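**Q** Mind looking over this structure? Questions follow.
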Amino acid sequence: MRNSFVARHPSVLAFLALLALFTLGVSVLSEGFGIGLISTSFVKTLGKTLCLCLIAVAMDLIWGYCGILSLGHFAFFGLGGYMIGMWLMYERTRLIVEGSLAQGALPPTEQEVVDAIGTQIFGVVGSSDFPLVWAFADSLILQLAMVVLAPGLLALVFGWLAFRSRVTGVYLSILTQAMTLALALYLFQNDSGLRGNNGLSGLQNLPGVEAPQAVISLWFFWASALALGLGYLLAAWIVSGKFGSVIRGIRDNEARVRFLGYSVETYKLAVFTLTACIAGIAGALYYPQAGIVNPAEIAPIASIYLAVWVAIGGRGRLYGAVIGAAFVSLVSSWFTGGQIPDLVLGPLTIKWVDWWTIVLGLSFVLVTLFAPSGIGGLFDLWQGRRPPDRHGADLGPDAGALREREATE
Amino acid sequence: MTRLMIALAALVLFCAQAMAQETTVQSVLQAHRETIEKGSRTSIGSAIDAIAASGLPQAQEVLQVWAAKEMWQRSDDGLFYRGTEKPARQVELFDFDTGQSFGTVSRDELSQIKPNSGVRAMIGTALVQFQLSDPDPTRRAEALDAIQRSPGADLLAPLRASIPAEPDTALKARKMRVERLLTIAFDPDEPSRIAAIEEMSGDLGVDMRATLNPLLVTRIALAEGLPETANIRREVKPGDPALGVAAAYDMLIAAGQAQPIPDNEARKALLIANMVDGQVAGVPVHRLDSQEARDAAYVQLAQAGLVPRWSTAEAPEVVVTRHRFVEVYSEPSAAVTEAAEQALAEIERRVGLNQAIDLGLDALSLASIYFLAAIGLAITFGVMGVINMAHGEFIMMGAYTGYMVQQVIADHTLSILVAIPLAFAVTFAAGVTMERLVIRHLYNRPLETLLATFGISIALQQLAKNIFGTQARPLTAPGWLDGAWVLNDVVSISYIRIAIFVLALIFLGLFLFIMRRTRLGLETRAVTQNPRMAASMGINPDRINMLTFGLGSGIAGIAGVAIGLFAKVTSELGSDYIVQSFMTVVVGGVGNIWGTLAGAAMIGTLQKGIEWLNPSNTLAAQTYMIIFIIIFIQFRPRGIIALKGRAAGD
């Protein structure tokens with residue numbers, strides 16, 4: 001295997017090694033299994049960050065490699081969370097309800113159990129009947145399948161409609177944003193069947209598991225790390241082959257790829273659907289660690305932040321997306337956590353909780369203007385890769401092209 | 001018949017007058033002394049009627065004094081007086097008949113007559129006949145208001161009597177209208193009621209519908225046991241939306257035609273009650289974990305006679321089909337209900353028509369709001385191809401400018417007049433600054449423009465939050481914009497919305513003027529079509545781009561002032577409109593002001609239309625609208641009005 005996949009892409013091996021080392025390190029320092037240097041809540045934060053890195057990889061695949069700026073991937077993320085949340089909530093409520101009904105004089109019938117679960121779950125929106133979308137909620141296997149199928153199906157239908165009418169560029173971005181807004185508004189209604197703006201809650205408890213949160217949080221952390229590793233490997237494999245060449249071709253000049261005889265729409269649809277499935281899996285791992293999923297998570301702003309992470313990390317390279325998501329989300333939670341002392345500038349006191357968003361927004365503008373390749377670009381500097389200085393001449397026929405840099409690699 | 005009634009009423013009044021020649025107010029009051037002292041609602045009627053019918057000139061005053069709790073009774077001789085309270089527990093008394101003062105008396109020698117609220121309402125009704133012919137027109141109008149608030153059968157005769165002498169034509173028309181409504185509701189004479197209903201048929205007033213609806217109140221009853229004369233509307237089958245099987249069965253139980261069936265819960269309780277040594281009817285308790293097992297155990301118990309009989313065969317669904325159920329009007333007269341049904345159908349047809357007009361007006365005003373919000377975007381996005389995610393924040397900036405101006409200038413009209421150009425100036429400057437610093441460097445990278453402007457958008461939003469806080473700031477409209485233009489009880493539109501519509505029209509005209517008649521417009525069009533060619537003709541594309549962007553941003557600022565007038569000014573004001581604005585531009589077709597207009601009209605109409613279909617849910621309306629737009633884009637990917645040929649650019 002002289003020309004093996006790993007040999008051709010040493011960065012993948014490096015990334016996986018770092019991820020494994022990081023996972024091991026956190027496990028050793030954790031409260032659950034190690035010496036207790038890292039608190040459980042911080043383990044959860046790190047686990048959630050890994051999930052965000054996974055969706056950032058998906059975003060990089062669709063935006064950085066295929067050139068489609070999707071502003072709707074958090075819809076798929078949230079949908080994945082809802083799908084696993086339905087099972088978690090149903091199963092946990094079932095255990096509680098069965099426990100309390102067992103105290104009665106007669107053993108409960110199945111119908112009584114289901115009715116009691118319905119009252120428990122939907123009492124908050126003034127209902128007690130299970131809507132149709134909860135049909136599979138009692139089966140972990142089916143609901144896990146839904147984690148992939150529901151976002152995948154939505155992406156397939158939406159993508160098919162959008163790509164076949166040749167909606168491209170900013171139009172497509174706005175359309176994806178409209179999609180996520182529509183989904184969020186729909187879920188906000190009480191009669192959508194998913195508890196309206198209450199969302200699904202209590203997801204941090206695994207039904208039937210007695211282990212403390214310190215241990216459960218580590219399980220999820222490992223699962224997230226595993227998912228990120230596999231997702232990264234899959235994405236790296238996809239972009240390294242012929243398929244990857246075609247989607248990069250689509251990014252750089254769609255018309256030419258079409259004239260070469262490729263079915264551009266099919267390729268786009270495949271990437272869009274695949275990334276939606278990855279986003280769904282990331283969401284299904286994220287929300288049990290967050291404990292609650294509600295429609296506000298799907299609001300358009302979340303998907304735009306995703307684009308921000310990938311842009312700051314450096315799009316068009318998978319490790320850039322991971323770095324961007326991890327860096328920005330961790331720094332964000334550090335700044336908004338209120339642990340940083342206020343900055344006093346004479347009469348003006350800067351509270352970072354209030355001013356962080358402004359710093360983020362402005363630094364985002366600066367990155368877009370002055371460092372289009374983001375933090376990942378530092379690796380280019382380190383390796384001595386530089387784009388040729390063209391003295392301000394045009395980049396080429398397609399505006400969003402990254403062609404130039406790749407040609408020099 | 002009506003005339004006879006009036007004649008009768010006049011006769012009664014005349015007789016009362018004749019008798020009153022010898023009487024005084026005091027004698028009337030003394031005649032009913034005991035009931036007045038007692039003040040009970042059930043018996044006080046005769047006393048009030050006697051005063052009202054006495055024909056004495058002071059009768060109205062007496063009733064008013066009584067209702068206002070200003071009537072006092074002297075304890076030693078039981079005479080009634082009007083009294084006003086003075087300091088030191090003194091009361092000054094006045095005689096009712098002469099109006100003379102008796103001087104002040106200590107409260108200890110008096111007792112105050114305090115009618116309860118029920119009695120006061122009865123006095124108020126009696127006072128109506130005086131008020132209806134009061135010389136002051138406002139008092140007469142108030143009396144009519146009171147009648148409409150609480151209509152009653154006893155008000156019909158005084159109202160009719162007051163109509164012929166009414167001098168004011170407007171009031172007379174109103175009195176006649178109220179008289180018709182009271183006739184429909186209370187006249188004992190059936191033909192005159194039907195005549196009144198037919199006469200008023202097609203009237204759009206809410207009060208007319210409120211009068212008709214009680215006539216058409218129905219209930220569902222068992223056909224057996226109803227009197228022959230019952231006014232039946234229709235037969236109802238159990239299972240109909242109006243009558244569930246369970247409700248029908250309950251009715252049968254109440255009529256003694258069926259036995260109550262113990263439901264699952266009741267049977268479960270009976271099973272538990274008959275539990276012996278962990279067994280029910282010989283079945284171990286732990287086996288009773290399915291409905292079938294429980295039913296079987298219950299049947300066993302029933303056979304043993306321990307619990308009421310029950311079997312799955314005697315289901316309510318079967319039993320109810322053996323009986324007839326009918327919907328019965330509470331109103332006994334079939335002719336009246338038929339006329340009322342017809343009149344209501346006619347009214348509903350007209351109301352529907354007017355609601356369509358009202359909906360059209362609503363849609364128009366929503367469309368003009370979207371148009372205002374989107375027109376600036378149409379310039380930057382449509383003409384320059386630059387997508388500006390911070391457009392919503394420029395709208396917000398305009399609204400906050402309006403708020404700041406109102407802090408300085410107290411007069412609302414003046415402050416709005418100052419705020420509009422100032423908002424334009426502020427957002428124009430902000431737009432030009434942004435263009436110079438950021439957008440200029442990203443002209444051939446549209447997706448990155450989108451992201452960079454988004455960064456500015458979140459920064460500006462947070463900045464506004466830091467400066468103005470999260471609570472909503474008021475931007476008050478001038479007084480002359482308060483209220484609404486009311487056509488009838490169904491169709492109305494607020495003046496603010498009309499003003500926004502006019503503003504939208506002005507901007508449409510302004511945009512067309514600038515683009516077609518000015519040097520700037522000419523140059524902008526040239527740069528849009530071919531920047532290099534335009535540059536070689538001596539146009540500076542940089543400057544044109546800057547000015548165009550400034551213009552688009554400035555209009556967003558003015559839109560912000562307009563939107564702030566009816567929405568609360570918060571830092572999220574802009575982001576509420578940004579997606580809809582983009583939709584408007586995309587649906588309408590990029591690069592064409594008429595397209596934006598068509599897009600705004602379509603989205604406004606669509607949203608209002610969907611809201612009308614599902615009025616309780618604006619969220620759902622937005623969801624369906626976005627889905628519709630996604631599908632619409634399938635068929636017209638370039639919008640309603642697409643540029644063709646070279647103007648399309650690609």
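A Cβ is built for glycine as well, from the same backbone N, Cα and C atoms used for every other residue.
Because the structure is a prediction, the values reported are computed rather than measured.
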**Q** To which of the residue ranges A:12-29, A:48-65, A:318-335 does TrEMBL assign the term transmembrane segment?
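**A** Feature transmembrane segment in TrEMBL: residues A:318-335.
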**Q** Counting CB pairs under 8 Å, which listed stretch among A:71-90, A:140-163, A:216-239, A:355-382 touches the transmembrane segment (A:170-188) the most?
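**A** Answer is A:71-90, with the largest number of Cβ pairs below 8 Å.
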**Q** Same-chain Cβ contacts of the transmembrane segment (A:318-335) under 8 Å, 6 or more residues past its ends?
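**A** Answer is 11, 15, 45, 49, 52-53, 55-57, 59-61, 64, 228, 232, 235-236, 239, 306, 308-312, 352-353, 356, 359-360, 373-376, 379.
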**Q** Which bits of the chain, at least 6 residues beyond where the transmembrane segment (A:71-90) starts or stops, bring a Cβ under 8 A of a Cβ in it?
**A** 55, 58-59, 62, 117, 121, 133-134, 137-140, 143-144, 146-148, 150-151, 154-155, 158, 173-174, 176-177, 179-180, 183-184, 187, 194, 199-203, 205-207, 275-277, 279-284, 286-288, 293, 295, 297-298, 300, 302-304, 306-307
**Q** Hey, does the transmembrane segment (A:140-163) touch the transmembrane segment (A:216-239), meaning at least 3 C-beta pairs closer than 8 angstroms, sequence gap 6 or more?
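**A** Answer no, regions not in contact.
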